[in-house]
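Read through the structure below, which is laid out as structure tokens, and then see the notes.
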Amino acid sequence: MGFCFSKFGKSQTHEIPISSSSDSSPPHHYQPLPKPTVSQGQTSNPTSNPQPKPKPAPPPPPSTSSGSQIGPILNRPMIDLSALYDLHKELGRGQFGITYKCTDKSNGREYACKSISKRKLIRRKDIEDVRREVMILQHLTGQPNIVEFRGAYEDKDNLHLVMELCSGGELFDRIIKKGSYSEKEAANIFRQIVNVVHVCHFMGVVHRDLKPENFLLVSNEEDSPIKATDFGLSVFIEEGKVYRDIVGSAYYVAPEVLHRNYGKEIDVWSAGVMLYILLSGVPPFWGETEKTIFEAILEGKLDLETSPWPTISESAKDLIRKMLIRDPKKRITAAEALEHPWMTDTKISDKPINSAVLVRMKQFRAMNKLKKLALKVIAENLSEEEIKGLKQTFKNMDTDESGTITFDELRNGLHRLGSKLTESEIKQLMEAADVDKSGTIDYIEFVTATMHRHRLEKEENLIEAFKYFDKDRSGFITRDELKHSMTEYGMGDDATIDEVINDVDTDNDGRINYEEFVAMMRKGTTDSDPKLIR
């Protein structure tokens with residue numbers, strides 16, 4: 001028989017049956033949750049709008065004159081967004097800005113644009129938070145369950161973040177509309193959620209605000225994938241650092257957050273709360289106010305006995321228990337959760353997934369050799385802040401802590417990210433990234449091969465890379481300068497030099513000027529280029 005939880009607010013009176021055990025199990029009801037949040041500044045997510053297919057490649061950044069004003073947020077020349085995109089209807093509004101639907105003027109494709117008012121970024125911390133959000137979006141884009149980031153643009157009044165438009169609405173809105181689903185369907189949804197946590201942690205990011213509202217459906221199709229959005233509270237993981245600020249949304253906050261002493265394990269807790277809600281319709285710890293919710297979380301009484309739990313599999317309940325263990329050191333990891341029997345026994349699709357790291361390495365393999373060396377120069381000059389996430393990814397792959405990644409470590413690391421590449425394909429990636437042909441990938445080579453191509457938007461990075469080759473500061477890279485620089489890496493043979501010059505020297509004067517160099521570096525910089533994804 002059905003039942004209804006009305007403790008979430010007197011205004012919610014409708015009952016929606018959801019079958020969560022098997023197709024024949026008795027239905028239970030999903031009661032929409034109120035949204036008490038701990039932190040401010042959350043922007044609303046886009047709702048139903050058409051989603052273009054296939055996924056487009058970003059246009060090259062618009063040219064800017066040397067006299068362009070440098071924006072204080074992004075530290076690069078300011079750009080008039082209206083030259084690139086038309087803004088349309090408002091999709092959501094938050095403390096700092098507004099999200100609009102927008103259209104790319106070059107091809108008519110639709111995206112979401114989060115416009116943040118610079119005058120509302122009063123504190124230095126506000127600016128640092130926005131910069132970090134941009135860096136994390138750049139770092140994580142390309143993952144199958146993370147919203148695609150198109151670019152960040154700054155003008156006199158606003159910072160604009162352009163990203164994929166997810167037109168299917170919020171995850172739980174879809175569940176409410178559907179009315180019922182099976183435990184198997186819940187597992188299919190939940191695997192995507194846990195995969196986001198796993199990939200974030202593997203790539204050195206803790207989300208800190210996982211909740212159903214931050215997962216959107218790509219389209220209105222029945223089998224639409226879901227995407228994680230809103231990384232405004234996310235941070236790069238710093239080895240040994242303990243976080244003390246209370247962030248997140250009340251129902252999903254881990255107990256150690258309330259104790260102001262936590263790490264990445266809080267994301268697993270939040271995901272566990274989401275699974276509990278998926279299977280029961282209510283959160284495990286509830287209250288009428290934030291205070292009473294927090295008290296329930298700290299008290300920690302987990303109910304897996306009363307209805308509907310007798311109809312739900314022991315395997316599902318075992319996973320919930322392991323994700324909601326109060327001691328974060330004993331809590332299951334996201335990687336372990338993905339291997340839990342409840343996740344693996346439901347015959348979820350085994351379709352290969354291309355991780356962002358893998359896609360970038362495939363791109364890198366396709367680049368000409370001058371571009372590879374130039375990227376290495378850029379990588380060597382990036383700040384610790386800019387490569388924080390990649391540093392953690394490298395450490396996760398370098399399992400023997402030797403300071404280099406072997407073929408076996410690369411293969412195992414890509415496998416943990418969901419790759420199904422063959423031995424020969426991984427060998428090709430290895431050879432492409434191993435610039436000095438040592439047989440292993442060192443830290444700089446790894447950063448070179450996997451850093452996000454948004455780094456190429458920074459003029460100062462391109463200038464420094466050009467100077468590395470232009471030894472006499474003539475404004476041109478001559479054949480001799482090219483040969484000298486490339487010989488250091490065993491690439492200085494005449495055939496390679498001819499190949500590079502023929503590819504880059506578009507005005508056929510036998511040398512490479514700065515404009516030709518920049519065009520080469522910015523060519524094909526999307527992480528979603530279908531030609532580079534197998």
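Cβ coordinates come from backbone N, Cα and C, glycine included.
What Swiss-Prot says about this one:
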type	residues	note
BINDING	L91, G92, R93, G94, Q95, F96, G97, I98, T99, K114	ATP binding site
BINDING	D398, D400, S402, T404, E409	Ca(2+) 1 binding site
BINDING	D434, D436, S438, T440, E445	Ca(2+) 2 binding site
BINDING	D470, D472, S474, E481	Ca(2+) 3 binding site
BINDING	D505, D507, D509, R511, E516	Ca(2+) 4 binding site
COMPBIAS	16-27	compositional bias 'Low complexity'
DOMAIN	421-456	domain 'EF-hand 2'
DOMAIN	457-492	domain 'EF-hand 3'
Return one of helix, strand or coil for T404 (Ca(2+) 1 binding site), based on DSSP. strand
Intrachain C-beta neighbours of E516 (Ca(2+) 4 binding site), sequence separation six or more, cut-off 8 angstroms: V504, D505, T506, D507
Give me the DSSP three-state residue breakdown of the domain 'EF-hand 3' (457-492), ordered helix, strand, coil. 21 helix, 2 strand, 13 coil
For a quick check of understanding: among the binding-site residues Q95, T99, T404, S438, which residue's Cβ has the most other Cβ atoms within 10 Å? T99
Rank aside, I only need the closest one: which of the binding-site residues D398, D400, S474, R511 has its C-alpha nearest to that of D436 (Ca(2+) 2 binding site)? D398
What is the number of residues in the domain 'EF-hand 2' (421-456) that are helix, strand and coil, as DSSP sees it? 23 helix, 2 strand, 11 coil
Please name the residue among the binding-site residues S402, T440, S474 whose C-beta has the most neighbouring C-beta atoms within 10 angstroms. T440
List, in sequence order, the same-chain residues at least six positions removed whose CB sits under 8 Å from that of D398 (Ca(2+) 1 binding site)? T404, I405, E409
Among the ATP-binding set L91, G92, R93, G94, Q95, F96, G97, I98, T99, K114, as the record gives it, the longest Cα-Cα distance in Å: 14
By CA-CA distance, flag whichever of Q95, T99, D434, E445, D509 among the binding-site residues is nearest to D472 (Ca(2+) 3 binding site). D509
Same-chain residues at least 6 positions away from R511 (Ca(2+) 4 binding site) with a Cβ under 8 Å from its Cβ, in sequence order, are F476, I477, T478, R479, I501, D505
